[in-house]
Structures are given as structure tokens and as C-alpha cells.
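This report concerns only the one structure given below.
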Amino acid sequence: MSLMAKVRLPYYTPVLLLTGLLLVLSEALVPGFLEPVNLSRFLFSALPMIFLAAGQTLVILGGGIDLSLGSLLTLTSVTMVVLFEKVDPVIATLGGVAAGAVGGAINGLSVAYLRLQPLVATFATSFLFGGVSLWLLPQPRGTVPQEVRGLADPLWFPLIPLLLLFGGWVLLRHTPRITLLYAAGGQARSAYASGVQVTKVRFGSYVGAGLLAALGAFFLLLETGTGDPLVGQPMLLGSITAVVLGGTRLSGGVGGIEGTIFGALLLVLFRNLVFFLGVPSDLQVLAEGIVVLLALAASGYALRREA
Amino acid sequence: MRPRVHLGSTGLLFLLCLLLLLAQGLVQPNFLTYAQVINLLKIAAVLGILTIGQTLVVLSGQEGVDLSIGAVATFGAVLVYNFSQGKNESFPIALGLALMAGLSLGSLNGVLVAYSRLPPLVATLGVGTLVQGLIVWLGGRERGAIPPILVDLVSTPWILGLPGILFLWILLALSVTWLLRRTYYGKALYALGSNRRAAYLSGIRPERYLIWTYALSGFFSALGGAILLGHVQVMHLTLGQAYTLPTVVAVVAGGTLLTGGVGSYWGSMAGALLITLLQSVLLTLRIEEFGRQIAFGVILLGLLAVYGREKGLRQ
């Protein structure tokens, strides 16, 4: 008992346990799931959602929400695909990342500086980004150069971005910049009164989200190998669900990217499981809808209890 | 006390619609025919009926917005399509079923918004996903047909070349305005939207009215979905999806504040007309799908910048 009292469990303990449980369950139902090959493939397929949800976490921590992140992922991936045909792969990738930053900056300008309501403003920009994506790439096409796709060949490849994201966040979490983000999201008015430049911090959170969405787009391209002008939009709700599952509060100021990583893993694991269990494809959407709704409702209910 | 007159007060908006129409007539001289105007009104009516629920929800305040409208409309259409089997006799039952489904899905939104602390946008987006699952599950399996009465409602002229849908729209508009201005529900809705805490302290139970509001939104979405089926005359699983954003734009353009408590359905009607005209202008200018999406996003941002700015932290 005395030991328990000393060890303070991290906020993401529940989602960590759930993820572990689902991993074991997957191995039990689909023998061989935990073998390195399969595990690597699973982690690889989860990378886009993890990075998109990590971006969403930044925005939500800062007290906002970004409904355009799915479209922004599309826009960045389409930009990369179009550039792959014309320029050096490195420059093309950087071009996509730059598109992510620009998109994030448009969101940040609208929400932080123009003070438009985040929900509706990013809803509006989602159509802006979606439209530009369709303009750049009207139909699914394009290929990712072989030397780029080759990056993902080693089995340990998915671990690198994962560890970088996790480690980077754990290291950065207590730096002044991120502390200010928590302050701005928790109590914007008090933060402002204590001299936090809330507007700047919020703007930064949207730009950061755009950058992370671009990284997600890159990993998605590595996996699919082709461009699709509608690829990201269906991932939006998943990104919010992953944040919520990971223990970050939708009202801002509490949570973090570590939890989101496990939240996203949990979501993708669940999808895989539904697929492996042979649930008919027309029921899979429904099954996921129910789980997403339950997760959202449970987190909302928990918030209410706390308040 | 009269609400403050906003830049987009309804009269001004209708005037703007008229100007757009005239402008289009100038660009395309053979455009301004009686039949063409009625056609535009028909399209506006479909959007307008789908906007009824959105107006109520936005009026309820605290960032109230219903993003499940498109999905619920499609679901209503699927039910009508599958259960009427294209027969007028079984249409009333099928429509009743669709409306009931709309009410229940709407109540689900309402319960989530009222009892969990989820932002309405997230809750309704989640319910929308669930409904999309229902649509794929139900709509993908059975075959049906469109009852002729629905097609007649939208396309057969009744009086002076005006089809029934226009009369239905006006009837619904009068009912909604009566509901908002003359009933206890309406007063409570405006009170909730302007100041939820004050409303609560004066004895209005927010949960009850929120659930009713979202339920009504589901009801009108399902009704709109059935009418949309008669308008499009083809059933597909994303029938109503493209209508979700325009309903929000119509409400915002109509001068209803996203913070709630201020606005009217007449404004939303003007908003629906404005969007329909804009779409028609974009079409005549031969702007493709991507251009229309971009235009919509930019227009919504512009409207938000005019009406929807939040207070600064400095006060």
C-alpha cells in the first residue's frame, strides 16, 4: 500500500492497460499476431493515425479543435505525390511538410488572430484544403519513388518514428513552450493575465498540428504508394477519438501525446480485430461507429463527474 | 426588446439574392425565365427544409451545431426507398418510419450533448458516423424504389407552375416560425441560447429542451431526406452528405448567431436561397467541384469573420 502511494501512475494508465489487453486478445484470436513481421506491419499501418492524432492533441491541449486535419493530411499527401513526379524526393517531401505548415498557419490565423470559433472555422478550412487537393489531383494516381518506399523495408522501421515522437514529447513536455500550451488551454484568461501570449501559443499549436499531419501523410504514402484526393477526411473523427481515448481532455489543458499514441494504437488494433474476426464489411463501419461513440460519451461523462 | 439588427438582416439578404439573380441574368441573357426561377426555388426548398433542424440547433447555443444532418437525411431516404418499394400506398408508413428514425437518432444527439460534456460538433459527427454505418448496412442489402408521389411533389406544377414542394416549404416555414415565436418551447430555446445559466435559474430545464431540439433536427432531416430523394430521383448511399455544410452556411448567412439565442428561420431561408444562387452562378461560370468547395470554405470563413468572432482575452 505504501509503495502504491509513492508510485504515481501516469494519466494514460487506463489506455495503456487496454492496449495491452487488446494486443493479448489479438494474439489469442489471430495466432501469430505478435510475431515481429506482423507486429511491424501493424505498427506501420498505425503510424498515419498516430501522427494525425498527435497533431490533434496539440490543438486540443491548447483549448481548440481542428476539424480540418483530415483534409490537411490529404492536401499534404497530394502535394508530395504531385511533387514526386517533378523534383527530388527529399524536396518533394519537404514541399508537403511546408504545405502542412501553411495550412496549419491558415487555421491558426483564423482561430487565434481573427478569433473565429475553432469548430466552425476549421470546418470551413477543411473544405478549402479538400478543394485544393481535388484541384491538384482530381483522381487517385501517382506513385511514390521506389527509393522512398524502400525506407520502410526494415522490420524495425516503424519503431523509429514512434520512439522519436514519444521520446521527443517526453523530453519537450516540461520545456517552457509546452508548459505555456497547457496554460493557454487550461485557463486562457488566467494565462493571459499572467503574461502568456495565448494568441501566439494557439497559433503555434495549429502550425504544429499541420506539421504532424504532414508527417502522417508521408507515412501513409509509404504504405499505400499512391496519391488519393479523398484519403484523409475519413480519418478526422478517428484522430479526435484517439485523443479522447488517450486521456486528453477535450476542454484543453490536460493530457498529452504519450496517451494519444496509445489511444491511436488502441483504435487501429480494434479495427484490425473487427476485420480479423470476419465481421461483414458493411457492419464494420457500424461497429466502429458504436465504439467511437461509446468512447466519446464515456469521456464526456467522466468530464462531467470531475467538474 | 428587439434583437440588434445585423448586417445580414433578412430583408437585405433577400435583396442580395435578387441582385445575384439579376446579375446572372445579365451574364446569361436567356437565363431569367419563369421556369428557371422556379427550378432554383425548388433546389433552395430542398436545402431550406434540411436547414430547419440546423436553425433550431444553432439557436440552442453553446456552439450547438448538427453535423449528422446529411447522414440522417440519407438514412431517412434509405428507409423510404426500401420500405415503400416505390408504391404510393405504402409511402405513408415508410415516411412515418423514417421520421421516427430521425426523431430517435436526433434524440441520441440530444442525450449526448445534454448529458456528456462533448462539444455538439464532436457528438453529432460521431452519431453521423454511426448513422453512415447503419446506411451501409441497411441500404447496401435491400433493393427498393422511389414512390411516384415524392417525385410529383417536387416536379409536378400545382398552381401557376409552382410545384407542391414550394407550398410545403412555406407551410413548414410558417409552422417553424410559430413554434419559435409563439410557443413555450420557442421562448425556452431562445432563452437557453442567450444565456443557459440564466435560463436554468429561471426554471427551464436545459437537458429536456436540448434533447427535443436535436430530436426535431433529426425529424426534419429525415423529412428533408425523403424530399431530396424525390428531387434527385436516384438512391445512393451518400445522398445527403453534401448538404451538411450548406445547412450550416445557410444558418450563419441568415444572421443566426453561432453563439445562439439570436436569429430566425426566415433568415435561414434567405441563406438557403443565397447559397442556391451562388451555386448556380458558380455552375454557370463553369467552375468545377474543387472550385465550389474552395468557394464555400472561403464564404463560410468570410461570414464567420463578419458575425462569429469571439471576444478577445483583453476584454
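Every residue gets a Cβ built from N, Cα and C, even glycine.
Checking TrEMBL for transmembrane segment across the ranges A:70-89, A:90-109 points to A:90-109. Range annotated as transmembrane segment by TrEMBL, chosen from A:116-135, A:176-195: A:116-135. Among the stretches A:42-60, A:116-135, A:203-222, the one making the largest number of Cβ pairs under 8 Å with the transmembrane segment (A:259-279) is A:42-60. In this chain, the transmembrane segment (A:155-172) lies out of contact with the transmembrane segment (A:116-135); the count of Cβ pairs under 8 Å, excluding pairs fewer than 6 apart in sequence, is fewer than 3.
Taking every listed stretch (A:90-109, A:155-172, A:203-222) in turn, the largest tally of C-beta pairs under 8 A with the transmembrane segment (A:42-60) is reached by A:203-222.
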